[in-house]
Amino acid sequence: MADLQERGHLLTEQVNPLSQNLDQLSSLELVELFNSEDLKTVEAVAAAKVQIATAIEQTADRLRQGGRLFYVGAGTSGRLGVLDAAECPPTFCTPPELVQGIIAGGAGALVRSSEDLEDRAEDGDAAIAQRHITQLDVVVGITAGGTTPFVQGAINSARQRGALTIFIACVPAEQVSFTADIDIRLLTGPEILAGSTRLKAGTVTKLTLNILSTGVMVKLGKVYGNRMVDVAVTNQKLRDRALRILQDLTGLSREAAGFLLERSSKWVKLALVMHWTGLDKDAGDRLLSAHQGNLREAVASYKNQND
């Protein structure tokens, strides 16, 4: 573990030479500087694309076997993990326990700074034990500077339980080395405001989690083409989206699409199976279940057997 008392050598703590006159910039100059620095976040994701792709494949494999995905972090990193986890149920109709966020300090830390709680590795260990992590699960540790004891404690505990571990940090391994199954380094350089990792480090983390969770859900068959066919229809906006998906993919009128959606218990994926195969709700559900919810595979299998 790195020396927690001295972090000045860390990339995320260094002073950015391009922003040394930050307090003297005009508002327009400040925006231009932020815009140019933020371009580095996209470059950092590109540089880590192989590791991110590996994380997608291996995470999807664990979840197919009944595993769960956990994000672990403190401060901004923890909040981003909780945010990404919270978006999965409405977007992909996943149960809330499938993707979970663990933040040092618990729910209260989402709205009130609790950074002092990140220094306890034993709390990270306890968080993993409390959730009964097994070899089927995936634990993603997120720590911009790479040294957060809460995250390191959680990852070490998860490794001991046989879980797939993924480490995400914004410092090079030469500065902070850590043992995990997949090591993702997102190097965006010093922050415009020195040490404020809610900036580029936060942005690049959000980009990466977007790709990771969406990629996993694509691999799990939660998407057809680029449509969220497992969207949870829980309000008027999402009902409208569901109807437009059905209209676009079937050519039905809005009224007919609405009727089909109701017949399928508001499940777009099942509605499409029913429309494309002529099966009733129960038979369509069984067909999807036989193909682990993969719409494309289910429909192709039915057509191959009935041509």
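Just so it is clear, glycine is given a Cβ too, placed from its N, Cα and C backbone atoms.
Here's what Swiss-Prot has on this protein:
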- Glu87: active site, proton donor (ACT_SITE)
- Glu118: active site (ACT_SITE)
- 59-222: domain 'SIS' (DOMAIN)
Other CB atoms within 10 A, centred on the residue listed as 'active site': 24
Distance from the residue listed as 'active site' back to Glu87 (active site, proton donor), taken between C-alpha atoms, in Å: 24
Other CB atoms, at most 10 A from the CB of the residue listed as 'active site, proton donor': 16
